[in-house]
Amino acid sequence: MKRLLAAKRAFVLSTVLAAGGITSASANEDLQKLMDDPNQWVSQTGDYANQRYSKLDQINKDNVGDLQVAWTFSTGVLRGHEGSPLVIGDVMYVHTPFPNIVYALDLNNDGKVLWKYEPKQAADVVPVMCCDTVYRGVAYGDGKIFLHQADTKLVALDAKTGEEVWSVVNGDPSKGETNTATVMPVKDKVIVGISGGEFGVRGSVTAYNMSDGSLAWRGYSMGPDSDTLIDPEKTTHLGKPVGKDSGTNTWEGDQWKIGGGTTWGWYSYDPELDLIYYGTGNPSTWNPAQRPGDNRWSMTIFARNPDTGMAKWVYQMTPHDEWDYDGINEMILTDQEFNGEQRKLLTHFDRNGLGYTLDRDTGELLVAEKYDPAVNWTTGVDMDPNSDTYGRPAVVAKYSTEQNGEDVNSTGICPAALGSKDQQPAAYSPKTETFYVPTNHVCMDYEPFRVSYTAGQPYVGATLSMYPAPDSHGGMGNFIAWDNINGKIKWSIPEQFSVWSGALATAGDVVFYGTLEGYLKAVDANTGEELYKFKTPSGIIGNVMTYTHGGKQYVAILSGVGGWAGIGLAAGLTNPNEGLGAVGGYAALSDYTALGGTMTVFALPN
Amino acid sequence: MSSMSNKIALAALAASLLFGLNAAHAQSSTDEEAPDNIAVAYSEEGRYYTEDDIPTYNIGEDGSVDWMTYSGFRRYHAECHVCHGPEGEGSSYAPALKKSAIDMDYYDFVDVVTNGRTRVNAAENSVMPAFGTNPNVMCYLDDIYTYLKARGTDAVPRGRPAKKEPKSDAIREAENLCLGS
C-alpha cells in the first residue's frame, strides 16, 4: 500500500514536471506568436532579434505627412522617460522612471486606467543611480508583466489584474547595485541584468524561473570560471578556446571583484541557435592605470545558453578600456548574404564608435568600421586571423589616456564617454537591408587620476569635458543609415542634439525617431528625407513603437527629458580647446525643453 | 602651529560661527550686511581664506587660479557632474551647485555633502547621497567648494582653467594624509 502510494506520488510528480515543461514551452511559443503579430508590441525591443521593425504599412511614406495626435497620457512623473509602452491585445502597459509606476490602459475605452501598480522603494536608491532614475520598461511573458525596479527588485504582476504573483531581489543598492534596464523572458526563464559600473559593481546576468522567481543561474562578467559560466575548453574568443580562468588572469590581484562590466543594455535571443546575446560594460574605475591588463570580460559581447547560462563565445571589443566606452549596446540579429553566402549575423554599434558585424553562431568577426567619421582613438581593428593582435583595435597614442598617464589631460578624443551611440536602440529594415542608428557626435577631454574604493560610493577616477565634434556641422548628433555588410554610412541627418531616442522602421518605408528638443520625426527609409515632425511636450529619450487597434495603425512615443542627455546637455556644452570665444556658443537643452513625462499617440485622420 | 592644533582651532571656530549665525538669524537678517564670503583676507601655503577663515578662491594677475580651485574643477567633474551637470551649471536631474556655493553657508555645504539630504514629495524626488565615507570626495571638500564659488561668481569661466598655481607641499602632504598613502 505504502509502496503503491509512493509510486502514485512519483507518477503525479512526474506528470506535474512534464506539465510544467509543456506549459513553459507553450508560454514561449505564445510569446513568439505575439511577437510575430505586428498588431501588438509585446517586447521593448519589438522582437527577440531587436530589429525594431514593424510589418505594418497603413502609415507609409506617402501619407505619414498627414499624421495627427490621436490621444495623450501624462505619466505623473518628471524624470527621464526611456523605453516604450507595450500593447498586448486591447491593453497598453505604460511604465515610468523611479518610482517605477505601471499603468494598464484600456484601449477599448479611450485609455481608461484598468489598474495601476506603484511599488514602495526606499529613496536611497535614487542617488546611486548614475545619471538619472531612468527605466527602460516592462516586459511581458506567460500572462505576466515583469517590472524590474530601480532597487533591483523583480516583480511579476498578473497582466490582467496587476496583482503581484512573485518577486525576487537581484542586487544590493547599498553597494551601488541598481537597475535601469528591461528584462527578457526566454522559454521558462526571465533574463535580468544589473547596473552600477561607476560604483565598482561586478556585473552579472541572472536567469530566474518564470513560474516562481527562483534563481536558475547567474553568470558574472569576470571572476573564476565557475562564476563566469565559461568553459575553458569550449567557450571561444575569435574561434579559439579562452583557456582557464580567463575572467581573472587579466586582472591584478582581486581587482576583478570590483571590476565593473555591468549588463544594463537590451538583450536579444536566437531561438534556432538557442543563444542569448548582450554586451558588458566598462571596467571600474575610469582610471586605466589603476587596473592593468585586458580586464576581461568587460567590454565584451557574450553569447550564452539561456537554460544553463554557459557561454558559447565571447568577443572583447575594447580590451583595457581607457575612455569609458561601456559596451552594453544592443545586438541586432539578421539573416543576410555576406560574401555570397547566407549568414546568421549579429550587428552591434558600440560606444567606442565602431559598428561590428559578427557571425552570431561562431562569434567570427566579419566587419568593424567607424560609424561616425569623427572617431579618432583608433585607426581600426586588426582583421587578420593570423596576427597576434587579431580582433584588437589599434590605439592612437595621442588619445591613449593610459599612455599619457594619470593627471594628464588627453584632449580631442572622439567619441566622448557617452559613445558614438549609447543605449538608444537602432532599427533594421529587412526591406532596405539598412540599419537606422541614433548617434552622438560629441568628443571629449579626459584626465584620469587615482581614486580609492568605498562600497556604495562612486568609483570614477577621471575628469572629462565634452563638446560637439570639432570641424563638423556643430551639432551633437546624427541619425544615420548604415550598411552592415560593407561597413559604410549610406546617409546621415545632422541633428542639433544627440539623438537619444530608439528608432522604429516599418514596412511603410518610414523610419521614426525622437529628438532631445522633443520632436517626433518620420523620414523616408530609402533617402532619409524628412516627411513629418511634431513637437511633443518634452525632450524625447524614449523609443518609438507601433501597433493597431480596431484595425487602425498607431505610433506611440514617451517624451520626458532626462537621462545622461539631460544631465550632460541641459546647460549646453563648451569647448575648452577653442578659446574663450566659443564658450557658451553651443545650444543648451534647457532653452528648448523642460521635465515631464507624457505619452503621445499618433494616427492618420479618419 | 602644528596641523593638528590648527584643525582643532578650526573646528572650535566652526562651532562658534554656527552658533553665531543661528543667533543672527533669530534676531533679524534683513538689515545686517552679509559677511564677505568671497574676498581673500590671507593665504596659507597655497590655500586662500576669507576674513572669517572660510576657504575661497584666488585668481592671480596673470589669470592663474589657485591649486585648490583647479583641483576642485577636476574632482567636481569626477564626483559631482554625473548628477549636477558640467561646471556646476545644474541639469535635468539636480540643482546648479555654482549657486549653492554662494547662497549656502560653508558649514551647511560641508554638512550636506557629508550627510546627504532628501527631498522626496509629490513634486520632487531629489536625494543627495552622503559622501562622508568617500575619501575621493571628503579629501577634496574645500577644493570643490572653492571651485564652485569661483563658478558662482563667474570668476572662473566654464571649461578647464587654463593656468594654475603649482601644488604646494602642504597641500600634497594633507592629500596624502587624508587618502592614507
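The backbone N, Cα and C atoms fix where each Cβ goes, glycine too.
Binding of pyrroloquinoline quinone is attributed by TrEMBL to A:Glu82, A:Arg136, A:Thr180, and within the candidate set A:Thr236, A:Thr248, A:Thr250, A:Thr262 the record adds A:Thr262 to that site. Summary of the site annotation: TrEMBL records Ca(2+) binding at A:Glu198, A:Asn282. Screening the candidates A:Asp151, A:Asp158, A:Asp324, A:Asp335 against this entry identifies A:Asp324 as the one listed for that site.
Checking the binding-site residues A:Glu82, A:Arg136, A:Thr180, A:Glu198, A:Asn282, A:Asp324 against chain B with a Cβ-Cβ cut-off under 8 Å leaves A:Glu198.
One way to see the shell of the Ca(2+) site is to take the Cβ centroid of A:Glu198, A:Asn282, A:Asp324; the remaining same-chain residues with a Cβ within 8 Å of it are A:Gly197, A:Gly260, A:Gly281, A:Pro283, A:Ser284, A:Trp286, A:Asp321, A:Asp326, A:Ala417, A:Val460.
With helix defined as DSSP H, G or I and strand as E or B, the region 'Disordered' (A:232-253) counts 0 helix, 4 strand, 18 coil. Candidate binding-site residues: A:Glu82, A:Arg136, A:Thr180, A:Thr262. Nearest to A:Glu198 (Ca(2+) binding site) by Cα distance: A:Thr262. A count of other CB atoms within 10 A of each Cβ picks out A:Thr262 as the most crowded of the binding-site residues A:Thr180, A:Thr262, A:Asn282. Confidence over the domain 'Pyrrolo-quinoline quinone repeat' (A:496-555), given as mean pLDDT on the 0 to 100 scale, stands at 97.
With a cut-off of 8 Å between CB atoms and residues at least 6 apart in sequence, the same chain places A:Gln44, A:Glu82, A:Gly83, A:Thr180, A:Ala181, A:Thr182, A:Trp266, A:Gln423 near A:Arg136 (pyrroloquinoline quinone binding site), listed in sequence order. With respect to Cβ neighbours within 10 Å, the binding-site residues A:Glu82, A:Glu198 differ, and A:Glu198 shows the lowest count. Cα spacing between A:Asp324 (Ca(2+) binding site) and A:Thr262 (pyrroloquinoline quinone binding site): 12 Å, rounded to the nearest whole number.
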